[in-house]
Amino acid sequence: MKGRFDVLKELVRARPHAARARAERGETILHLCVKQNQLEALKFLVETMDDHNDLVNTRDNNGFTILHLAVADKQIETVNYLLSNTRVEVNALNTSGLTALDILVHGLRDVGDLDIGEAFRGTGAMRAMNTHLPNHHPQVLQLTSEGDRSMKSKGKEHWLTRKRDALMVVASLIATMAFQAAVNPPGGAWQDNSTQNSQDTQAGKSHAAGKAIMADSNEEYYRLYLSYNTTGFISSLSIILMLITGLPFTHRLFMWMLTVVVWVAITSMALTYRTAMTFLTPDSAEAAVTNIIVVGVAVWCGVMALVLVGHTIRLLVASIRKLGKLCWRERRLQSSLVYANHTNISF
């Protein structure tokens, strides 16, 4: 194959079937022509062999067609000939899932890259990430079909819709609870007006009708109660506002952010409940109620920690898998480029 064009002609005329034999690594005679940069021999074989349209798309053991090899070796004339005079499959994939255009993009830079890129223009050549072509080689990476992509997209939209609806219901309930807790504080409100001169005034303090009894009885507890309740109320209203304003919460990250705000609202309502129970409990039962609250808080913290650890592990596993896929693709890409650039087999 190294320049022995006349010998090749005689062999093909004498035994045409011998031209369809494969070399050790699955290369056809056309692969060997490209590897030895024998364009004239390639043209002769394409014009002579009846099944050349199938032969030009034949892959070797690494899934390379002759177009892959020609692009990797920067053979501009060969690329132009194959694209103009044969039915070569421009988006064929090798075992690393790369098209000829991928090899051009990821290969070593060369002055001929622009010419090869111009030759691809108008041929429908694409990167592997943009193709949905079926893969017939058993070792080639399988691309996701259009139907699978559509199903995944619909599944994601369905998940987001259900998540939005659930968050809206929870936020509405928390807002209702917080509002009722604010207008009906523990102990109720004073039913009459009283001044310091009144005989009904306790501890020399005056009060007004409709004001919270808790505020006069224990100002510290009332301040904590309002702080926790207001935090839960504002958090729930913020969730409702963000959901009804039509913001594009089409990504799981935004939904997780809203979920965290819900956690804040729920935790605030739990602290509001604890403060109310502590205020309403008489001194004689304070120890028993304290034990109940401590157990409840411990259980709540355990549940929160379990959920947090679960999501953290899930995030780490997803990140490790993504990183592993990227590293694996990079190794496959490098191995493909090394094979395409350095393999040199004689026939």
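Each residue, glycine too, has its Cβ placed from N, Cα and C.
All annotation found in TrEMBL is predicted automatically rather than curated by experts.
The repeat 'ANK' annotation in TrEMBL covers 62-95. Assigned with DSSP, the residues of the repeat 'ANK' (62-95) fall into helix, strand and coil as follows: 17 helix, 0 strand, 17 coil.
Using DSSP to sort the residues of the domain 'PGG' (158-278) gives these counts of helix, strand and coil: 84 helix, 4 strand, 33 coil. Residues or ranges marked as domain 'PGG' in TrEMBL: 158-278.
Feature annotation from TrEMBL assigns transmembrane segment to 166-183 (among others).
Feature annotation from TrEMBL assigns region 'Disordered' to 188-207.
What TrEMBL records for 191-204 is compositional bias 'Polar residues'.
Listed by sequence, the residues of this chain that lie at least six past the ends of the transmembrane segment (225-246) yet keep a Cβ under 8 A from its Cβ atoms are 164, 167-168, 171-172, 174-175, 177-179, 181-182, 185-186, 214, 258, 261-262, 264-266, 268-269, 271-272, 275-276, 279. According to TrEMBL, the transmembrane segment annotation covers 225-246 (among others).
Here TrEMBL flags 253-273 (among others) as transmembrane segment. Residues 160, 163-164, 167, 170-171, 174, 177-178, 181, 224-225, 228-229, 231-232, 235-236, 238-239, 242-243, 247, 300, 304, 311 of the same chain lie 6 or more positions beyond the ends of the transmembrane segment (253-273) yet place their CB under 8 Å from a CB of it.
Per TrEMBL, transmembrane segment is recorded for 293-317 (among others).
If you average pLDDT over the repeat 'ANK' (62-95) in this model, you get 87.
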